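Chemist: So Swiss-Prot has the following annotated:
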type    : residues                              : note
BINDING : G81, 84-85, T89, 91-94, 109-117, T121 : 5-phospho-alpha-D-ribose 1-diphosphate binding site
BINDING : G81, N112                             : anthranilate 1 binding site
BINDING : S93, E226                             : Mg(2+) 1 binding site
BINDING : R167                                  : anthranilate 2 binding site
BINDING : D225, E226                            : Mg(2+) 2 binding site
Amino acid sequence: MAELKPFLAKVANREVLTRDEARQAFDILMSGEATPSQIGAFLMALRVRGETVDEIVGAVTAMRAKMLPVEAPADAIDIVGTGGDGFGTYNISTLAAFIVAGAGVPVAKHGNRAQSSKAGTADTQSVLGIKLDIGPEVIARCIREAGIGFMFAQLHHSSMRHVGPSRVELGTRTIFNLLGPLANPAGARRQLLGVFAPQWVVPLAEVLKDLNAESVWVVHGNGLDEITTTGTTSVAALEDGKIRTFELTPADFGLAHADLADLKGGDGIANAAALRAVLSGEKNAYRDISLANAAASLVIAGKAETLHDGMKLAAQSLDSGATAAALEKLIAVSNDEE
């Protein structure tokens, strides 16, 4: 049985693990071969010292090796946030994902129940009528037939059960808050990834570059793990193997500045109702911010040349009923397991 102790000793000594050492250490963690106190100590030592790009790459590699994979088209995109920004907004990436699917780009969305808000994407999708507890074949069919499939993280990363109790007991952020969005079970190489703190924007773009991602924007928007309409969004874009950084404002999307209070969500029931209201034509701050995130996703996917074009396509998807049709089709296919 492999031992975590040598790796624990290194990080306790503020030494950095190589990529391979991190892979080995996380393999031990996710194989149930470390004690709860070792897991807690290891995760906090990393957190206090600060996780490096190589350590995150090694950890993601271990996590991907253990996940339950899903088949998806090569051009599928994931629109996902780390969660943990503490603001409890509506499920912005969820609505953006349906808009993108309605615009004709396959979406392989990975997500979980709420971490710090009252409703994560899984909570809201469950209320909408989407069946979460489905196998990889059904999810692949959802992506093929509805243009969007939802992968419920805990079903695809069962090895996480070995670290779950320690994470709950620690009650604070660990490296695992970053890993989930980097371990998409469908292997999506295109991604809009929102992070909970600005210092992670560039490092996570570097991680995804090292993991051979194709086209990615890592974003943090004025406190949110989304592109925001409440202020400035920091972006690290990975395109053609190169990372460039820039900032976006609501004006770049042709949108007015919004107040955070107008984006405050509730529980799964409230958030599902808000999402359906936008699908029914309600024009509000939730619609605007979701359109902005969808527009960026359409640029990442190569479907739109510019954010202006992306906004036009996204609005067409919503206003034509294509977004609502993608949702209804996903509900139907996810509940039909024949």
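Indices start at 1 and increase along the chain as displayed.
Note that Cβ sites are derived from N, Cα and C of the backbone, with glycine treated the same way.
Note that the structure is a prediction, hence the values are computed from the model and not measured.
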Chemist: Using a 10 Å radius around each Cβ and all protein chains in view, which of these binding-site residues has the most neighbours: H110, R167?
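Modeler: The residue with the densest Cβ neighbourhood is H110.
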Chemist: Return the count of C-beta atoms lying within 10 angstroms of the C-beta of S93 (5-phospho-alpha-D-ribose 1-diphosphate binding site), excluding that atom itself.
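Modeler: Around S93 (5-phospho-alpha-D-ribose 1-diphosphate binding site), other Cβ atoms within 10 Å: 27.
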Chemist: Using a 10 Å cut-off, grab the number of neighbouring Cβ atoms around the Cβ of N112 (anthranilate 1 binding site), all chains included.
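Modeler: Its Cβ has 19 other Cβ atoms within 10 Å.
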Chemist: Tell me, which binding-site residues from N112, R167, E226 are within 10 Å of S93 (5-phospho-alpha-D-ribose 1-diphosphate binding site) if we use the C-alpha atoms?
Modeler: E226
Chemist: Quick one: give me the count of other CB atoms within 10 A of the CB of G81 (5-phospho-alpha-D-ribose 1-diphosphate binding site).
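Modeler: For G81 (5-phospho-alpha-D-ribose 1-diphosphate binding site), the count of other Cβ atoms within 10 Å is 28.
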Chemist: Check the Cα distances from E226 (Mg(2+) 1 binding site) to each of the binding-site residues G81, H110, N112, R167 and keep only the ones within 10 Å.
Modeler: G81
